[in-house]
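Chemist: One structure, as structure tokens, below. Some questions next.
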Amino acid sequence: MVKDEPLSDESADVIVLADREEDDICELEHLRKLFIGGLAPYTTEENLKLFYGQWGKVVDVVVMRDAATKRSRGFGFITYTKSLMVDRAQENRPHIIDGKTVEAKRALPRPERESRETNISVKKLFVGGLKDNHDEECLREYFLQFGNVVSVKLLTDKTTGKRRGFAFVEFDDYDAVDKAILKKQHAIKYVHVDVKKSIYNLDKKEKQQPGGLANAIKPSLNQQQQQQGGGQQPPNGNMQAPSFRPPVPPQQAMGPYQQQPPPAPMSAPPPNFNYWGPPPPAMPPYYQQPPPQQMNGWGPYPPPQQNGWNAPPPPPPGAQQWHANQWGCPPPVQQVPPVGAVPPPMGHNGPPPTAPGNWNMPPPVPGAAPPSHQQQSSQQPTPQPNFGTGYQQNYGGGPSKHNNMNANRMNPYSAGPPNSYHTPQPPAYTGYNAGPLPPNGSVPPPTGAKAVGVSNGSVATGGSANSKYRR
């Protein structure tokens with residue numbers, strides 16, 4: 001039986017020195033620390049220390065927990081006494097703790113943990129600040145100390161062929177890149193170079209993702225809008241989309257005894273249909289509610305072609321006419337109510353005026369009763385738009401000046417003064433409910449007087465008549 005020989009003094013001294021060397025801490029903490037991610041919820045500090053103690057002496061172990069619930073946050077840190085122990089642990093990956101594969105990475109210094117570049121795991125390094133004497137062989141030889149080098153690529157200018165001063169070094173493992181990054185200064189052939197993680201391809205992919213997602217979202221948004229909007233889409237042309245226009249409340253009719261006919265059935269407008277102009281005679285109005293009747297043009301949507309600028313010539317007599325104060329809808333059919341019928345209540349805009357003519361229509365002659373609609377349609381079948389005193393519509397689309405020298409030249413589009421003694425042209429009296437034309441040579445009575453002395457059939461004027469009512 002062979003007995004164990006006692007160790008000599010020299011062998012005992014070697015073991016003691018080896019233990020002391022492992023206990024000596026002469027390197028930075030982040031070079032001796034490992035980050036362990038993906039821990040199980042029930043993994044404790046004892047399990048971590050027992051597992052990673054097989055590759056070196058562990059001086060510190062911590063599992064990060066929530067301050068309120070004290071539950072594990074799924075990651076922790078292991079600190080060795082030497083950096084070579086970290087290399088041993090990384091060479092023996094993958095690591096399985098409590099039945100779960102964890103992710104072991106070299107820990108970064110605290111100021112660099114918030115940097116996006118250092119937190120990404122890549123296998124390629126960017127090396128900048130190279131000189132003309134730096135070639136691929138010297139780069140490969142230098143970076144072999146961190147891990148197995150797969151490729152080295154020096155970039156050159158395509159036109160001149162000169163080197164651009166930087167290169168890319170690729171490894172077979174991301175741990176070699178992290179190890180090279182933790183070394184702050186790199187000198188190759190006595191020249192300090194800049195070493196960073198190559199994240200160019202990652203930035204390119206991230207820039208492409210928002211555009212691709214936006215292009216994928218656009219069709220779905222269009223489908224949702226079509227489903228929510230419902231109905232028919234507006235055709236191409238000059239028509240404005242009716243969905244962007246608020247609904248117009250129905251107004252009261254012009255007269256107390258007028259009734260509104262029922263609206264025509266809905267139908268989509270034809271393509272290339274000008275929504276702002278009057279529709280063809282056979283086209284019903286393009287809205288669901290009854291068409292409102294404008295009073296003196298005061299409505300929520302005044303017509304843009306009210307004064308007839310750039311308007312087509314009037315249709316021949318006998319055709320269906322369109323009034324300027326009605327916005328793209330045909331004139332309503334007037335019906336006389338039976339005797340004894342109660343008139344409908346007035347609208348919210350107050351009582352309608354007696355003559356809803358155009359804006360620039362001269363006032364009617366006092367004392368003359370306005371004719372009915374049937375008499376007006378028989379006497380004046382073609383109403384012309386009023387352009388003010390002294391103007392009439394031209395077939396070219398704009399107003400034309402006649403030979404009346406007494407017209408108001410400073411304000412041609414406004415109505416004439418009530419006491420003007422010139423005879424206006426017939427187109428100026430073609431309003432909707434305008435009275436008959438006064439006889440030629442007649443003199444309008446003065447306004448504001450209650451009684452005027454009449455002598456031999458003529459109206460008495462002069463200073464005596466005016467001083468009678470002066471106060």
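From the backbone N, Cα and C atoms, a Cβ is placed for every residue, glycine too.
According to Swiss-Prot, the protein has these features:
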- 32-109: domain 'RRM 1' (DOMAIN)
- 123-198: domain 'RRM 2' (DOMAIN)
- 221-471: region 'Disordered' (REGION)
- 222-238: compositional bias 'Low complexity' (COMPBIAS)
- 259-293: compositional bias 'Pro residues' (COMPBIAS)
- 300-318: compositional bias 'Pro residues' (COMPBIAS)
- 329-369: compositional bias 'Pro residues' (COMPBIAS)
- 370-381: compositional bias 'Low complexity' (COMPBIAS)
- 401-411: compositional bias 'Polar residues' (COMPBIAS)
- 436-447: compositional bias 'Pro residues' (COMPBIAS)
- 455-471: compositional bias 'Polar residues' (COMPBIAS)
Chemist: Go ahead and report the DSSP secondary structure tallies for the domain 'RRM 2' (123-198): helix first, then strand, then coil.
Modeler: 17 helix, 32 strand, 27 coil
Chemist: Counting by DSSP secondary structure, give me helix, strand and coil numbers for the domain 'RRM 1' (32-109).
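Modeler: Output for the domain 'RRM 1' (32-109) reads 20 helix, 32 strand, 26 coil.
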Chemist: Check the domain 'RRM 1' (32-109) for me and report the mean pLDDT.
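Modeler: The answer is 94, the mean pLDDT of the model over that range.
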